[in-house]
Amino acid sequence: MARLPPGPPLRQRQVQLSFPPSAYAPHLPGTIVSASRRRVVRAAFVRCWDSYKEHAWRYDELAPVSLEGRNSFGGWAATLVDSLDTLLIMGLWDDFDAALPVVGALDFGQPSVASINVFETTIRHLGGMLSAYDLSGERVLLLKAIELGDMLYAVFDTPNRLPPFWLDFAQAKEGTQQAGTADPAAAASTLALEFTRLSQLTGNPKYFDAVDRVKAFLARTQDATQLPGMWPTLLDLAGEAADRGRDFTLGALSDSLYEYLPKMASLVGGHDPAYEAMYRSAMATVKEHLLFRPMLPDGADVLFSGDVHVRRDNGGGGVAELFAVGQHLGCFAGGMFGLGGKLFGIEEHVEIGEKLARGCAWAYKAFPTGVMPEIFGMVACPSATEGCEWDEDRWKSQAGREDQPPGLPKGFTNARDPRYLLRPEAIESVFLMYRMTGKAEYQEMAWDMFLAIQNATSTEHANSAIEDVTVERGNTTKLDNMESFWMAETLKYFYLIFSPPDLISLDEYVFNTEAHPLKRPTR
């Protein structure tokens with residue numbers, strides 16, 4: 001059984017900027033403005049939390065228009081568990097205390113479904129309880145995390161000890177689970193932080209051993225794929241193969257696999273060189289094949305991460321073809337590049353991270369609502385490192401139209417999925433780049449984003465995902481959906497970017513993909 005690295009963490013490079021004393025001075029103009037904005041964000045959270053308490057208490061989610069409770073994640077109060085650490089960070093102690101008995105009473109033996117999504121349950125429920133325990137020391141949270149961790153651990157009971165995407169309770173009881181043959185790359189790969197932290201807190205190595213097997217599979221297959229250095233969007237875990245898939249992205253299906261590489265290096269105290277090695281190899285491939293600079297009317301020096309399909313050429317080899325498609329889910333990449341650059345001393349990656357974060361903030365501002373869509377197309381410049389002149393004819397040609405549709409800004413060929421689902425990835429990268437660089441312009445970007453989101457998504461009682469970001473401000477159609485990550489991630493990052501920098505320092509905590517800060521061990 002693989003065990004946690006022995007001994008205290010190695011000395012690691014500083015991630016967060018050493019902010020000057022003025023960043024903490026409450027009487028200076030800059031900090032006064034930040035405090036005012038922080039209060040506005042907190043009020044937005046309280047408004048949603050109060051609506052959840054009144055209309056959906058103990059349910060997984062609040063439907064923010066119809067004001068009904070919904071169960072989408074096993075019926076284990078996902079929004080409540082997901083929001084525990086946000087309550088602590090925002091100083092809402094009474095609400096935190098009121099939520100604890102609900103957590104203590106959760107019965108993981110009585111789900112509302114026959115199977116659960118292991119990925120979602122791990123990042124929201126297990127990550128939420130571990131983070132809240134790290135911040136509060138409330139023992140009930142650790143006890144429930146162990147209870148849930150033991151249930152989730154059953155997913156590794158397969159012939160090769162690699163997990164399927166779903167934990168099917170009947171199959172788990174019968175011992176007949178099998179790993180998948182076409183599972184999202186992010187699924188099994190995004191259990192590492194939470195299971196490792198559970199082993200660190202309990203001293204039980206079984207949780208770490210389980211995810212270390214996934215790491216070994218990733219390390220073994222990384223250079224044997226159709227795009228060496230990256231893993232395809234779908235993995236054959238049952239056959240332990242990654243050489244057949246031809247689609248590669250930092251977006252949906254793959255995203256947090258890459259995000260967890262530098263984060264795991266940090267959480268295990270620098271003791272496992274495999275995570276840095278995998279990160280360096282993956283990002284070299286991303287830089288060569290996926291990053292693109294878009295052709296824009298204003299010539300903005302920003303980057304996006306696209307999708308690559310490796311097609312067969314006439315000689316039987318593979319040719320990597322870039323599609324200049326942006327995803328909101330891919331906006332985490334700016335923060336990831338920044339974190340990897342800081343941890344591993346790669347200054348160029350910090351610069352890339354800045355351009356990626358600025359790109360997503362630019363895209364927000366470009367649309368009529370001030371909010372970026374889920375998925376959109378652009379026109380890539382010939383080189384990611386050099387700009388290109390705006391070419392109206394080329395833009396129209398790639399867009400496949402002569403006219404400019406209402407609400408679609410120049411530079412975008414389409415808004416293939418025009419929804420905004422209250423996602424956090426853009427503000428996540430903006431927050432991280434602010435903490436790493438100290439540049440106040442990131443706070444201004446964040447404030448513009450927050451105001452636009454509030455204007456576009458507010459309902460009478462909370463906030464809702466919207467149908468189309470290309471319509472005029474104030475005319476958005478609400479989808480009656482408010483996923484738990486709105487309060488667990490999006491509002492948390494908006495709050496933290498206007499908070500004193502020592503509140504959840506990046507050198508003391510590492511965020512899981514659901515924005516739950518996990519304590520980095522000090523001994």
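Residue positions begin at 1 at the first shown residue.
Cβ atoms here come from the backbone N, Cα and C positions, even for glycine.
According to TrEMBL:
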- GLU120: active site, proton donor (ACT_SITE)
- ASP255: active site (ACT_SITE)
- GLU374: active site, proton donor (ACT_SITE)
- GLU425: active site (ACT_SITE)
- THR513: Ca(2+) binding site (BINDING)
- CYS331-CYS360: disulfide bond (DISULFID)
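Reported as a whole number, the C-alpha separation between CYS360 (disulfide bond) and GLU425 (active site) equals 9 Å. GLU425 (active site) has CYS331 as its nearest neighbour among the recorded positions ASP255, CYS331, GLU374, THR513, going by CA to CA distance. Each residue contributes its Cα atom, and for CYS331 (disulfide bond) and GLU374 (active site, proton donor) those atoms are 10 Å apart. Between the CA atoms of ASP255 (active site) and the residue listed as 'Ca(2+) binding site' there is a gap of 9 Å, rounded to the nearest whole number. When the Cα atoms are compared, GLU374 (active site, proton donor) and the residue listed as 'Ca(2+) binding site' turn out to be 18 Å apart. Each of the active-site residues GLU120, ASP255, GLU374, GLU425 was scored by the other Cβ atoms within 10 Å of its Cβ; the lowest score goes to GLU120. Across the structure, GLU120 (active site, proton donor) and THR513 (Ca(2+) binding site) place their CA atoms 10 angstrom apart. Most Cβ neighbours within 10 Å, among the disulfide-bonded residues CYS331, CYS360: CYS331 holds that distinction in the structure as shown. Cβ contacts within 10 Å of THR513 (Ca(2+) binding site), excluding its own Cβ and spanning all protein chains shown: 26.
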